[in-house]
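Note sheet for the following structure.
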Amino acid sequence: MELVSKCLQARDMAYCPYSRFPVGAAILTADGAIITGCNVENASYGLTVCAERTAIQRAVAEGHRQFAAIAVTCDIKDRFVGPCGACRQVLMEFGSDWIVYLAKPDGSYKETSLSELLPLAFTPAHLGKN
């Protein structure tokens, strides 16, 4: 699958001298573009940006606002690893209907959904109900 392949390639671009935990992400936009991202660490740890957020920020900067799927990978070989909670919330900003592919380094993957990974999420719709 091309989306998984792209996230594996993005992982190889990660800048992670502190954690040595490379992560890659690839987003499929509603119009079929694939936008990638990798984690970018900082000596001031709190300023580190995850791969998923790098990808979504790149996509938004390129004019995309609707998304169909994201694939995420890291170097863990024996289980599927999902996005952190902050990334799940950032993705939810753009809808709950995302397909999420959790990929292992060998390219095998598990399909899930953002709404499954972040149930009962706080969304932009909540802001209009106060």
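Cβ coordinates are placed from backbone N, Cα and C, and glycine is handled just like the others.
Here the structure is a predicted model, which means the values were calculated and not measured.
Listed in TrEMBL:
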type	residues	note
ACT_SITE	Glu52	active site, proton donor
BINDING	Asn39, Val40, Glu41, Asn42, Ala43, Ser44, Tyr45	substrate binding site
BINDING	Cys50, Cys84, Cys87	Zn(2+) binding site
DOMAIN	1-125	domain 'CMP/dCMP-type deaminase'
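Under a cutoff of 8 A between CB atoms, and with a sequence separation of 6+ in the same chain, the neighbours of Cys87 (Zn(2+) binding site) are Cys50, Glu52, Arg53.
When the domain 'CMP/dCMP-type deaminase' (1-125) is classified with DSSP, helix, strand and coil residues number 38 helix, 31 strand, 56 coil. Annotated pair Tyr45 (substrate binding site) and Cys84 (Zn(2+) binding site), C-alpha to C-alpha distance, rounded: 15 Å.
Nearest neighbour of Cys84 (Zn(2+) binding site) by Cα distance, taken over the binding-site residues Asn39, Val40, Asn42, Ala43, Ser44: Asn39. Local packing around the Cβ, expressed as the count of other Cβ atoms within 10 angstroms, is greatest for Glu52 among the recorded positions Glu41, Glu52. Between the binding-site residues Val40, Ala43, Cys50, Cys84, the minimum number of other C-beta atoms within 10 Å of a residue's C-beta occurs at Ala43. Cβ neighbours of Asn42 (substrate binding site) (same chain, under 8 Å, six or more residues apart in sequence): Thr48. Other than Asn39, Val40, Glu41, Asn42, Ala43, Ser44, Tyr45, the residues of this chain whose Cβ falls within 8 Å of the Cβ centroid of the substrate site are, in sequence order, Tyr15, Tyr18, Leu47, Thr48, Val49. Cβ neighbour count for Tyr45 (substrate binding site): 9 (other Cβ atoms within 10 Å of its Cβ, all protein chains included).
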